[in-house]
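Worksheet: the structure to be examined is printed underneath.
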């Protein structure tokens, strides 16, 4: 590019060459100069002076300071040639220091744009630069990226050119922090597209559209931009601008989508920030506007506008208001609309000034002045008192009635703010919709370029919910950049087999994104909290930290800072750590409005306000599910969910386009021009992935082209590499083309489907192409100019001759004009002509009448056409209605999805409630444990009291022993109580563990639900993708229908692929329906499981209540017992006192003795009562223990059932996951098949090389074997015969292998042809559409010419009108038939193809007839014009015109006859097409027979191998066997030669069988691995159960050891089986090696025998070929004779066919020779397949052995199960005996209670202890029996699974055996059907060639007819011009 084209902008874009040379002239030592880290400038320049042993380097800075730095911190410096380079990807040393230095130097010279690989880096200059003028736009228009300096216009031009060339939508993404310049650059891009579109074609309408596009941004900035701390004109909303273009690059329309308007700014701004610009523009406006809006000029008078700053130095609000009004006028805003926006803005300002106060002595509120309310109500068109009333006393719905509710001052203030925010947001959305309507030019749309300008990343002092949504959006966009630049790029290299070392990309942001948007992320928790009425910001915070703190590194607790705002949590984003304040998040997310005030707004007289709230739906007017009103009310969707939905839509739009990234950099925080903060820039470069993206772009291959596209575009560079005489694949052509050019061959790589180029290499190719094209065009122009000059010279010669003739005539006239007779002629001539004028007038009148009739007829025809047009429009409207109905159904589906989401949220809420209940139960358990602790304390106190009693009873010697016994008894009872307490504690722990288990199960179920929902979403995405693919297929099919007459040959090939796609789609749809049913079943299972959990919780609660009651009873008993103990203590004390008194007295009276006796009786009675109470307590405690144990057993059983249900659900989930994986694998089968084919090809080639190597080795051993030949012949003739047979088999298999490899190569060629034909079809379709449009225009012009001819010719026109009417009727009929055929083609493609073929043939014949008639009509019209001109001069010419008219009539009759003949020809062609169809169907049948024959041949080959193994004959029969083998060999060769064509067709079937065998292997391996996993899982489960029982039951240790021993035994058996399998594989490989060596020896011996038989076989082959040649020549000669008798043209065609037939014979001969080699390859492949089949059989046998072993193990397990059952029965019997003993003991205990006073206390205690021991043993036995039953159940399940596995293995073995038997039978039948198939194939080939030639004839005739039509149209136009001139 010439810098002079840029004008004054050149100095800011690129340095001149002299300046660059001056910069690059500095000397640099690359080994010493380097960059070192610096604290102030990040990196500074230094020079290496030396190094030390510890790895440090001594450097010297530019200031002379010497430093020692570690070597790894030094970064190399680039040479001066790269100083201020325009693309940083070209740097020699790509490091942070070099990138920073380059950006810093360019920014210092005000070069703000720099390329970094595929994307552009721009730095905000913070001042205006003259680089955006129109001359700069014109200079960048159409320039390649390498031609012009870096600029945002270059990015826009690149996107524009990619859109036109690649026919793909584009997008330009601006990313960066706030204040980096995203909005300004997006404005310049929009300006560029608008200006360039205006340059392409200047139209009034188009010019208006460009002006409107430029002005739309002004309105959006006024209403959506505001001043922030970092930016004076910051966009507080995101926008995605789609600029739609037509097919030729014309700008057709523009639409805008907005995202996340910051509503909170309307009512509050931080210090230093400002409200939206429109508020201050209105306040700075003229007085008339102030009077209209009732506002003043001071922003401080309004609360909503004065929270922060009120002025901006860089903005003039008054001028901005004028620009806003001008933009609204240009966009066509009506005055009501414009002032409606102003009024609502003013109303919001007055709204903010409204104040309220408390009424004195009342609790109600009232307005503190009504002035502001009156102003706001006036501007909004509502009643002021009603507004205030609705704010203070809103109506709410309670049940079915409405009730007024009083509000507080805070609530009213919040309601006013919410209404203001909602009003402004709705007004802004209305503005965007209005701008979109204005920018919709109703022109055709083809592609679009999207421009994304999203609010930049924000880290403010006070960060709220808006900042979280903004930063989340930037996280998603940065992740999209990483995914597109790093993941997709490197995956493309791997997929295309390009050698590549993966490069990591800085930061992976998915973890942070998941933390925000995953099901239990921040937004999800916020949504969940908004659903609960009692939720607060504090509950949201606690739930957030409970779920994620400590689990996610991106969530942190903030450090308290008194200087800043309070932060509740911090998030680690890619751009830094951001503290968030959650105050008011729930209210912001709900975004609730005062519905009473909204109802007043809906009745407003202000039309704009009423329309804004027209669609608002209250919370009590929700539409029931299933109705079709609208998708979702505004009140039912939160801010977070709406933003998340819009963001997902934006990401899908971006992923459907080709993105172009612009990374905007903020140079400094203070907004000072020219200053660059290095650390700030480095942080942005690291976060944006600039270095990694540049490295990938430099080392990778960012540009790539399909082989066909590359061949089509660059074939002009070397046309010699594309010979027209033979076919060359696209890849081979690309390789030869690039290899022939003088270029750097390291700059490109060849992939599988594409050719990849380094960055900038395509620009070199484009330059070479432009140079070649310029040469071609100059040569073409020279030839054309020479031709034109020759034509001009010839015209000059003709004019000279005409002048000479005219001069001669004038001289002759001058010589005779004075003769007398000549003067007499001059006088008589006018008189004669006057008599003829009347006749001419009469003739003209007749012509006028005839023309009037013709005009009436044409009008009638026009009316008919209008009626048809009306009917077509009606059909179009019907289709539109159908489309709308489908859209409604789609909306219903979306509503159902939303309903499902709601139900999911409700279920989650239910789960939350259950978890809360569980927490309550846990609290109850904690209370119980606390009570247990209290009981322990009481026991401790009782122990103290007992000790006191012991000290007191020591005094009495007589009662010492009794008191000691009592104390012992009491201590034992206390121990028993402690045991009870410990048991209760254990039970509480068990219940608590059960609760915890239920919680874990619930959590697992929630995870299952989330995984199922994800799987459902994936399936829905797959359905959407399949629907999109289906829609594309439908469009392609409709295009094919329009151009079917040109694509008949290719349609047959595409039909099968279409049917396969449709069948696969139906299959996928059915599977999806099955998956949905299974998903619903899973949901029902989850519901059932939740019901079970609820039942378990109920039972737990009941048990807890029972425990509580029992504990209360226990406490009551203890209290009574304590009382008894206290009374007993008192009595013992009294007794002691009495004894002391008795001892003191010594001998007292009888009264005292009676008193003592009474006291003793009382004491004994009390003691008896106490013992009865203790017995009662013990019986009740035993019963309670028993009940508690039973309840625990029931709970354990229920828990086990739940675990079983859980296992089933997990198994179902795994099955579903496997089925989903199967679906995905089916989708990828085509690619796998292709890859497998290529792998097989490489495998065949490797085997071929190995065979050649082995053959070389064998030749060395040939001499030794020849010496031992006689000895071998004498020793074993039988062995020699076997060797000969194996040699024959090897030769046969090698031929088949060669055939297979050649067929694979042919298939590759066919695949490339198909891809090429598909691309050609696409181009042909586009060309056909253009031709169709041209034909329509020409047809209209032709109608006009015909109308003019009607006025000139009366008689001719009458006849032509009749003919035209007939023709048009026929055409209409044909078009209707075509439409019917199109409809039928959508149902059945086969019938449509036939119908369209017939219709096309008829249309072609009619077109030919019409063209011939029009040609003759043009000739007749030209003759008639000559006649009329001659009649004006001479009367004699009138007779000639009559003759010409008669001749024309005769020609017309001849043309009519020709038309009839053409119709007959059409009928004949249709019959031939039917015959061709029949032959095609017969060929299909023959193909199927050939497939069966191929299978029979394979079976025969297997039989031959068996015969080789089984054959045992003597040496004397060797010669006979030799002759038989030779004859059989010749026969096999003849049959194989005849079946070569069939083998080509059946190659795909053989490959399919190979794939099936491989799949069967994989299936067996997968099943074995699954079974191993199941065994491993079973072992783990057994281990877990054994570990859990080990702590509680020591007796279960033996069973655990036994189970582990069995598992070890099974693992050892498995290892032994694997060793056996590996040994068997080794033996098979050794056997195959030995077999290969024997075959090599056989081949050497057989070569000597083949030499003698080769001559005979060659002669026989030549004879057979000659006979076939003769037969083919005779048939073709007969065809040629029949064609010669028809027409002379047929004779020429038959001669050509004869030549082609001879060439075909030669081709057949060459093909036969090539197929012989292929047959050898096929034979080798068949042998390999047999080996593989044998291996599969061996594997099946091994699997069967494994199954047998598994069955043996199952039998062992069943025996163990029987033993377990016996032990269980024994335990049951012992339990019954124990129960009987317990009953006996209870009876004995009752008897002992009666004898308690008389009996011994020790015996009772022994009995009680025995009872307790028996009860403990009973409980232990019960637990053991339960565990044994559970183990038995598990063993039964294992046995069932093993038996099922054995049955499956047997079924697989039987299936494989049947497949092998079928293959062998098919190989046997193949040989018998080969000859018939070959003859049929030859017949079909000959018939197909004939039909192909006939089709070529038809096409040639069509081309001739088209050329005649064009000539006739040209003549008709010339004739029309002549008639107009006359």
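Just so you know, glycine gets a Cβ as well, placed from its N, Cα and C.
Swiss-Prot has this to say about the protein:
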type	residues	note
DOMAIN	29-79	domain 'Myosin N-terminal SH3-like'
DOMAIN	83-770	domain 'Myosin motor'
MOD_RES	127	N6,N6,N6-trimethyllysine
BINDING	176, 177, 178, 179, 180, 181, 182, 183	ATP binding site
REGION	647-669	region 'Actin-binding'
REGION	749-763	region 'Actin-binding'
DOMAIN	773-802	domain 'IQ'
COILED	833-1926	coiled coil
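A map of Swiss-Prot features onto the structure.
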residue : record                   : Cβ within 10 Å
127     : N6,N6,N6-trimethyllysine : 9
176     : ATP binding site         : 26
177     : ATP binding site         : 26
178     : ATP binding site         : 22
179     : ATP binding site         : 24
180     : ATP binding site         : 24
181     : ATP binding site         : 25
182     : ATP binding site         : 28
183     : ATP binding site         : 23
For the domain 'IQ' (773-802), distant same-chain residues with Cβ under 8 A (at least six beyond the ends): 716
Helix, strand or coil at residue 183 (ATP binding site) [DSSP, three-state]: helix
Rounded distance in angstrom between the Cα atoms of the residue listed as 'N6,N6,N6-trimethyllysine' and residue 177 (ATP binding site): 18
Chain-mates of 176, 177, 178, 179, 180, 181, 182, 183 with C-beta within 8 Å of site centroid, ATP: 124, 174, 231, 456, 664, 666
Local backbone state of residue 177 (ATP binding site), from DSSP in three classes: strand
DSSP-derived helix, strand and coil totals, residue by residue, for the domain 'IQ' (773-802): 30 helix, 0 strand, 0 coil
DSSP three-state assignment for residue 127 (N6,N6,N6-trimethyllysine): coil
Counts by DSSP class (helix H/G/I, strand E/B, coil) across the domain 'Myosin N-terminal SH3-like' (29-79): 3 helix, 29 strand, 19 coil
Residues of the region 'Actin-binding' (749-763) by DSSP state, where helix covers H, G and I: 3 helix, 6 strand, 6 coil
The region 'Actin-binding' (647-669) [mean pLDDT, rounded to integer]: 91
Secondary structure content of the region 'Actin-binding' (647-669), with strand meaning DSSP E or B: 9 helix, 8 strand, 6 coil
